């Protein structure tokens, strides 16, 4: 980068711009001429004209989380307007809002995505999971899978599917807790969506170990207990003891066993509450793991 300015150290008029640091530097002596320079160019790089044309855009990027993908334009608000002009602008904004969701399909999609936003917020889901749930829902709409089903149930099912696909541990109970429909309805919609969107058991498989840190955090268990629980679960998996079992129930039992073995005892009730399973489930999985893996567990 060259310009009319002169380096105060060496007198050079040749400079280079460092975009990673936002600095203009003297090419000869390295003196920093200017700091915190804002690069107003695009955030992407292109290596040929075709790539540049493909990546160039005006306005904000598309978002699958918005019913119109963010491609519409909003009428702005000017607080300096008074009287009749302000009323006119208010009416225009109102009509624009109506026209953007002018048919039933658009209204339903807008409602579904607002419900998705609410669920994702309550479940503290990362954005990539929310986007995957939106993609699944749009695909379900495209294939006509929503007809006759509750929008809330289908969007909750898509959230659950996205969590499992991306290995972000959230149980069906957790999702049902923040949804407006019950667990059974979400479960039915999930199985229906999974079948018709080719979400195979292999794709949806969640290793029980994925839940260990989540539950252990809530139980206040040490790293030593977590490692022991993971060892138990990995051995159970290798011996085929996890097939067809609820991951939450297995993790609860493994953490219960590990807490006893490492002297950080938690009760069956405590781990059952955290894992959102019954004490009977914890007890049954506990017996299976201890017997089949021949574990030496101190008497609780």
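Numbers run from 1 along the shown chain.
Note that Cβ sites are derived from N, Cα and C of the backbone, with glycine treated the same way.
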Exercise for the section: Choose the correct range: of 3-34, 35-66, which one does Swiss-Prot annotate as zinc finger? Give that range. Expected result: 3-34
Fill in the blank from the handout: Listed in sequence order, the residues of the same chain lying six or more positions from residue 29 (Zn(2+) binding site) whose CB sits under 8 Å from its CB are 7, 9, 10, 12
Practice task
Using the structure shown, find which entry in 7, 10, 26 (the binding-site residues) has the sparsest Cβ neighbourhood within 10 Å.
Solution key: 10
Handout entry: Other residues, Cβ within 8 Å of 7, 10, 26, 29 Cβ centroid (Zn(2+) site)
Key = 8, 9, 11, 12, 27, 28, 30, 31
Handout entry: Helix, strand or coil at residue 29 (Zn(2+) binding site) [DSSP, three-state]
Key = coil
